[in-house]
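> One structure, pasted below without further comment.
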């Protein structure tokens with residue numbers, strides 16, 4: 001059984017007060033329309049048609065690389081007119097119609113609407129809400145059958161009391177659309193061609209109207225302004241947090257937790273407040289994430305502790321390692337088992353060996369550090385010569401004293417010691433002590449300058 005999909009995305013969204021179309025506002029780091037497209041793609045439709053209008057190039061660019069046909073609605077004359085523009089690009093089969101600004105709609109709800117709507121039926125997704133203000137109302141006859149959909153601006157006082165609303169999501173065969181769409185008239189307050197008029201045509205043609213409802217009310221909520229966008233963001237994040245907690249993870253405050261990508265979790269993890277997940281992140285078992293941390297495209301293995309105010313990006317933190325507080329692990333780092341990236345330590349493109357420690361105030365860039373090394377406070381691997389990056393290699397059991405600079409390319413041998421305050425420009429052999437600093441002198445004849453006092 002084939003399926004075509006039409007996504008309406010021509011609106012300007014003036015209440016957003018933005019230079020972007022409304023459907024390109026973001027929720028959980030994805031545009032609104034990307035959320036909708038992702039949901040319908042799981043239905044495996046034969047084709048997806050997106051009707052664009054305001055700033056159409058931006059919408060097309062945002063969806064580049066997907067199997068989508070774009071149709072331009074030059075004049076925004078209403079939803080019925082928008083679907084009419086898409087009609088030539090649809091196959092002779094059922095058509096699912098929905099909006100590009102309903103980001104929380106689930107594949108399951110759409111699938112239920114499609115599956116329960118026969119080829120000769122009209123399927124309508126409706127919902128019961130406590131506050132229907134601004135939404136089209138579902139009008140039923142005394143037998144409970146749907147007779148029409150009335151937009152709020154065209155509704156009378158009795159109709160405005162109705163709590164059942166139109167979600168704007170329909171399923172109908174192309175043959176019926178070909179018959180009904182040209183018959184729509186703009187005889188309403190807005191002087192627009194409303195897609196909702198197909199309900200009236202269905203009744204006149206004795207077409208059965210199949211009504212389904214969403215699993216959760218929030219799934220059908222649209223976005224018209226930034227306040228609504230912020231509210232939906234919290235709904236989305238709360239829903240994600242609850243799914244994660246159901247897998248055996250404790251979250252200190254689900255209202256202060258953001259997933260802006262995909263999070264794969266083990267059991268018995270603890271996530272403190274204001275943690276942000278970006279891209280693809282995987283947590284092992286018994287992981288502790290402190291407050292105000294940002295994790296992006298990384299793997300955190302079992303029993304790792306990421307202390308507060310730390311960032312891990314594009315790296316892997318091995319079992320039992322500790323990061324933070326106030327640490328930054330940049331892309332292409334591999335922090336081995338039991339290693340420590342301490343407070344105010346930054347690492348980039350670095351391997352920190354098993355059991356090695358850089359406990360505080362250190363920069364490790366383009367480095368390969370062996371096992372059980374000690375990197376003292378204030379150590380810098382100077383990897384950049386102004387043109388190219390160079391590598392620092394430190395062998396197992398090496399000890400790098402505080403406030404030392406290692407000028408790459410340089411190798412520190414296994415078991416070697418670098419004295420505090422040294423600037424190392426040559427390789428240090430294994431088990432050697434390297435000291436590079438001026439000899440301390442005491443000058444007993446020296447006198448401190450004295451400031452002259454005013455007479």
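From the backbone N, Cα and C atoms, a Cβ is placed for every residue, glycine too.
Pulled these features from Swiss-Prot for this protein:
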type     : residues                                                            : note
REGION   : 1-226                                                               : region 'Pyrophosphorylase'
BINDING  : 8-11, 22, 73, 78-79, 99-101, 136, 151, 166, 224, 330, 348, 363, 374 : UDP-N-acetyl-alpha-D-glucosamine binding site
BINDING  : 101, 224                                                            : Mg(2+) binding site
REGION   : 227-247                                                             : region 'Linker'
REGION   : 248-455                                                             : region 'N-acetyltransferase'
ACT_SITE : 360                                                                 : active site, proton acceptor
BINDING  : 377, 383, 384, 402, 420, 437                                        : acetyl-CoA binding site
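Help me understand the surroundings of these features in the structure.
Sequence-distant contacts of residue 78 (UDP-N-acetyl-alpha-D-glucosamine binding site), defined as residues of its own chain at least six apart whose C-beta falls under 8 angstroms from its C-beta, comprise 184, 186, 190, 192, 193, 194, 195.
Note: residue 101 (Mg(2+) binding site) has non-local neighbours 9, 11, 13, 22, 23, 32, 33, 36, 222, 223, 224, i.e. same-chain residues 6+ apart with C-beta under 8 A of its own C-beta. Secondary structure at residue 101 (Mg(2+) binding site), taken from DSSP and collapsed to helix, strand or coil, is coil.
Along the region 'Linker' (227-247), the predicted structure has mean pLDDT 96.
All protein chains considered, the CB of residue 360 (active site, proton acceptor) has 19 other CB atoms within 10 Å. Look at residue 360 (active site, proton acceptor): DSSP puts it in a strand.
Other Cβ atoms within 10 Å of the Cβ of residue 383 (acetyl-CoA binding site), summed over all protein chains shown, number 23. The secondary structure of residue 383 (acetyl-CoA binding site), as reduced to three states from DSSP, is coil rather than helix or strand.
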> Within 10 Å of the Cβ of residue 384 (acetyl-CoA binding site), how many other Cβ atoms are there?
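Its Cβ has 12 other Cβ atoms within 10 Å.
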> Could you tell me which of these binding-site residues, 330, 437, has the greatest number of Cβ atoms within 10 Å of its own Cβ?
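Most Cβ neighbours within 10 Å: 330.
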> Going by DSSP, is residue 224 (Mg(2+) binding site) part of a helix, a strand, or coil?
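SS state of residue 224 (Mg(2+) binding site) = coil.
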> Quick check on the binding-site residues 11, 100: which one has the highest count of other Cβ atoms within 10 Å of its Cβ?
100
> So how far apart do the acetyl-CoA binders 377, 383, 384, 402, 420, 437 get, largest Cα to Cα in Å?
22
> Three states by DSSP: which one describes residue 374 (UDP-N-acetyl-alpha-D-glucosamine binding site)?
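Assignment for residue 374 (UDP-N-acetyl-alpha-D-glucosamine binding site) reads strand.
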> What does DSSP say about residue 437 (acetyl-CoA binding site): helix, strand or coil?
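The three-state answer is coil.
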> Around the Cβ of residue 420 (acetyl-CoA binding site), how many other Cβ atoms lie within 10 Å? Please give the count over every shown protein chain.
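Counting Cβ neighbours of residue 420 (acetyl-CoA binding site) within 10 Å gives 16.
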